[in-house]
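Peer 1: The structure's right below; bear with me while I get my questions together.
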Amino acid sequence: MMTEERTLMLVKPDGVASGHVGDVITRIENRRFKITAIRTLTASPEELRVHYQQLVGKSFYSGIEDFMTSGPIVAMIISGSDVVESIRKMTGPTDPAEAPAGTIRGDFARGWGDGPIQNVVHSSDSIESAEREIKIWFPDEK
Ligand SMILES: Nc1ncnc2c1ncn2[C@@H]1O[C@H](COP(=O)(O)OP(=O)(O)OP(=O)(O)O)[C@@H](O)[C@H]1O
């Protein structure tokens, strides 16, 4: 049985700067998922270190930090049946050059190659990650 669950999506600075917030929201709503919270913010290095805790030690982490703090992002809580896996599929693979047409990254990412991967959105990879990440970006949510 499919259970109601929630996930976290971030429209990253490249997605906001290139004007794809509306496209991303439309895709979510077209799939009948509900956006139950949304906010625009500029991430702090401290918040990002918690969010990307598994990547903090990597050589490319400083590039991720510079990129993710370079401009506003839009954070959303999305609810629905099987939403974590569905939104991951809609997001597409990490590297936009490998992301198929029809995925958010495949359709909207502009830049890849050297430097941090600018791939338009983040989405939680499990129910546990989603609940952990929601606390970071929506500290007042239950
Ligand atoms: N080898 C790398 N070089 C540069 N940037 C990277 C690299 N690997 C990951 N990143 C950046 O860090 C982010 C998080 O990496 P992760 O492995 O969690 O991928 P993901 O789950 O597809 O992405 P996200 O967590 O943003 O949804 C990537 O989206 C990308 O922006």
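Glycine too: its Cβ is placed from the backbone N, Cα and C atoms.
Dumping what TrEMBL says about this protein:
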{"type": "ACT_SITE", "residues": "HIS122", "note": "active site, pros-phosphohistidine intermediate"}
{"type": "BINDING", "residues": "LYS12, PHE60, ARG88, THR94, ARG105, ASN119", "note": "ATP binding site"}
{"type": "DOMAIN", "residues": "4-141", "note": "domain 'Nucleoside diphosphate kinase-like'"}
Peer 1: If we count other C-beta atoms within 10 Å, could you say which of the binding-site residues THR94, ASN119 has the fewest?
Peer 2: THR94
Peer 1: Which recorded positions among LYS12, ARG88, ARG105, ASN119, HIS122 have CB under 6 Å of ligand 1?
Peer 2: ASN119, HIS122
Peer 1: Helix, strand, coil residue numbers for the domain 'Nucleoside diphosphate kinase-like' (4-141) per DSSP?
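Peer 2: Counts, helix then strand then coil: 58 helix, 28 strand, 52 coil.
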Peer 1: So how far apart do the ATP binders LYS12, PHE60, ARG88, THR94, ARG105, ASN119 get, largest Cα to Cα in Å?
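Peer 2: In whole numbers, the farthest two Cα atoms are 23 Å apart.
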Peer 1: Do you know the mean pLDDT across the domain 'Nucleoside diphosphate kinase-like' (4-141)?
Peer 2: 96
Peer 1: Taking the Cβ of HIS122 (active site, pros-phosphohistidine intermediate) as the centre, how many other Cβ atoms fall within a 10 Å radius?
Peer 2: 20
Peer 1: Rank the binding-site residues LYS12, ARG88, ARG105 by the number of other Cβ atoms within 10 Å of each Cβ, and give the residue at the low end.
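Peer 2: Selected from the binding-site residues LYS12, ARG88, ARG105 on minimum Cβ neighbours within 10 Å: ARG88.
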